[in-house]
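Feature annotation from TrEMBL assigns transmembrane segment to 89-109, 144-164, 185-204, 210-230, 251-273, 293-310, 322-347, 353-373, 380-398. The domain 'DUF1736' annotation in TrEMBL covers 233-305. Taken from TrEMBL, the feature repeat 'TPR' applies to 420-453, 454-487, 572-605, 640-673.
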Amino acid sequence: MTDLAVVICPLMAFLLYYNTLQAGFVYDDKRAILDNADVATESPLADLLSHDFWGTRLNASGSHGSYRPLITLSFRWTAQLVGLDRAYWHHWINVMLHCAVTSAVTLIAGRVSLFLFRRDYSYGSYVSGLLFAAHPVHCEAVAGLVGRADMVCTLFFLAGLFTYTKRNLTGTLILTLAAFLSKEYGIMLTPVCLLYDLVVFSRSRIKRTIFNWVVLTAWSIALMTFRFWLSGFHTPQFARADNPTAASPSWTTRSLTFLYLPVFHFGLLLWPRWLSFDWSMDAIQPVTSLKDIRNLATLIFYTVLAVAIRKIVSTRHPKYRIVLALAVITTTIPFLPATNLFAYVGFVIAERILYLPSVGFCLLVGLGVQMLIKQRQFHQMIFGSILILLLASGWRTIKRNGDWIDEEHLYRSGIEINPPKAHGNLGVVFQQSGRLTEAEWNFKRALSYRPNMADVHHNLGNLFQQQSRYEESLQAYNKAIHFRPQLAGKFRIAYSEKAKVLYKLKRWAEAERTLLDCTRLKDDFLRDSRAHQTAKVSATILLGDLLSKNSSREKEAENWLLQARQLAPKNPLVYYQLGEFLSARSRHNEAAEVLIQAAEMDPNNVAWTVAAAHALHDASRNVEAEVYFRRAANLFPLDISHRLNLGAVLHVQGKLDEAEQVYLKALRLSPNHPLTTVNLRRLRNSLLNMRSSQHQNHKCNQSLT
């Protein structure tokens, strides 16, 4: 029956998460996959070892510090096989991974039943496996693509623990490395193995145990040293809103709150009624006083945990001691890095980090049910309760998966838990979809809860700029910079956008100062390096364009445009702007060379193509100009202007018959078009004159003969 459970439980996991296959890229998925150069194969494969999960250098002080190269590699391979933006296949892999972990948990539960009861009592394996498959707290890890890190780490963790119980030290070391490269808490496999040795301690194997301890400890130290070396031995800096308690000056507040957070996490395992995509800011109010009623829950939790550990240690049944201890260790030890015990982390509550600890929890529930059934009493009550629990969990999971289907549903579901973050993110979703009135309302609603949200002020500034409400936009950008002078998320971008507004308002001096500030910002503390690099290039181009309006500062303007080309040597927009600058100063040959590069970088961009063609024509390089005008006409065959330009350049080259055919095609697109009609008349006059001249030359030749 255990073999059947290993099939049924993963099948249930697949059915429960089947509706996630239609989900898209939501929340952190976009940054980790779509906006990550390491996934889009733009960077060398070796960069995965020195970059964080989001594609930023680990030794940059603005790095998030999340180190998961194996997961980034899995995203990259998936993108190479099926395409970068095919969310369906990414979700398919996540669901399959959850099924695999469910199968492993079911198999372990079955082995535990055999170990304790010497026969195939499979009820416990069914309960553990089905509960793990259906527990709603897993939705974030499975439905959110970045949660793949938790599932892969759990798979390697369980495999490593299993190999260690089989005395395969080499396999355990390899799997510890794999778990660690999947997610940071994978390193906790080492202390779990060490504690397992203490539980099953035998004097006959003391030398072997000491050897294992030394090797495992040395291996863990080596891995941690390597990890800190990659980051330059710097700890990541998180925004105050990510973990407000960590920034509290009160030792009492920090201590009481950090003691309470594991209690809250455990409460999510027991009663997953409230789930959210984000628990930052004030979603969990800090415990500031001993009078807070939540301290009672903290006291009860740690008291029960201490009593349970004492009972396990003192039990006279070695098999029960081993199994119970291993389940408790698996529940608690992997969770320790999230408790802020070793270092402050960038979150308050995170459901995904319960994926691995829930393995031990589900094993304990299954074991408890198995022991109750063994007493041969209250069978109907037990089975009825378990059935209700599994049905409720499965229904909650299916409903919660629906929240992860797209960003609008996800953020709406978080309003009850974290209204400022949910409304702020909803505003972005509505803005991107053109629902500007709803976007503005949500941005302002978010600020009504938390007025100092710099990101929201920045997004509101973008919205006002989009609506040509420039004065309001400028105020919003000023507030964004004021509330977070070193805005980790959009620091340089805020300066760049503010300068664009000043530029549109013709406040040239202020625009220049802002652009100079933007270009002088250091990159070290900035996250999302690609976005900031784009903003810096944009600011540099805008500065060049601004200075070019003053004839006495044209040399400065050119230098800024050349600097932009150095910053982004593969960005066609930079070449286009530089080419336009040169063309405006009648430096046609130089402009043509630069604009050709822009057109060749993006052959499907008609703007670059037409600009190159005009520059070549102005430089009297009409043969080359013809090539680019033809490309433009092919790219947009219904645009009459491209055919007019092509006809003109053919006319100049003396290809009158070809030019006539091009003009005739243009007239078919727009009959009686005045400019086409004029050009065609001139062309036919030229043809008439040419043929008349040829006829006269022919007569002269006959007379000479």
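Heads up, the Cβ atoms here are built off N, Cα and C, so glycines get one too.
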Original post:
Does the transmembrane segment (144-164) reach the transmembrane segment (353-373), going by 3 or more CB pairs under 8 Å (6 or more apart in sequence)?
Top reply: yes
**OP:** Give residue numbers and ranges for long-range contacts of the transmembrane segment (89-109): same chain, 6 or more residues beyond its ends, CB-CB under 8 A.
**Re:** 2, 5-6, 9-14, 17-18, 20-23, 25, 29, 33, 74-75, 78, 81-82, 124-129, 132-133, 138, 141-143, 145, 147-148, 151-152, 154-155, 158-159, 162, 355, 359, 362-363, 366-367
**OP:** State the non-local partners of the transmembrane segment (251-273) in its own chain: residues 6+ outside its ends, Cβ under 8 Å from one of its Cβ atoms.
**Re:** 135-137, 245, 284, 286-290, 292, 294-295, 297-298, 301-302, 335, 338-341, 348-349, 351, 353-354, 357-358, 361, 393, 396
Subject >> Distant-in-sequence neighbours of the transmembrane segment (293-310), which means Cβ under 8 A and at least six residues beyond its ends >> reply: 256, 259-260, 262-263, 266-267, 287, 328, 332
**OP:** Take the repeat 'TPR' (640-673) and average the pLDDT across it for me.
**Re:** 82
**OP:** For the repeat 'TPR' (572-605), find every same-chain residue at least 6 residues outside the stretch whose CB is under 8 Å from a CB in it, and list them.
**Re:** 537, 541, 544-545, 548, 554, 557-558, 561-562, 564-565, 611-612, 614-616, 618-619, 621, 624, 628, 631, 635
Original post:
Are there residues at least 6 beyond the ends of the repeat 'TPR' (640-673) whose Cβ is under 8 Å from a Cβ of it, and what are they?
Top reply: 606, 610, 613-614, 617, 622-623, 625-626, 629-630, 632-633, 679-680, 682-684, 686-687, 690
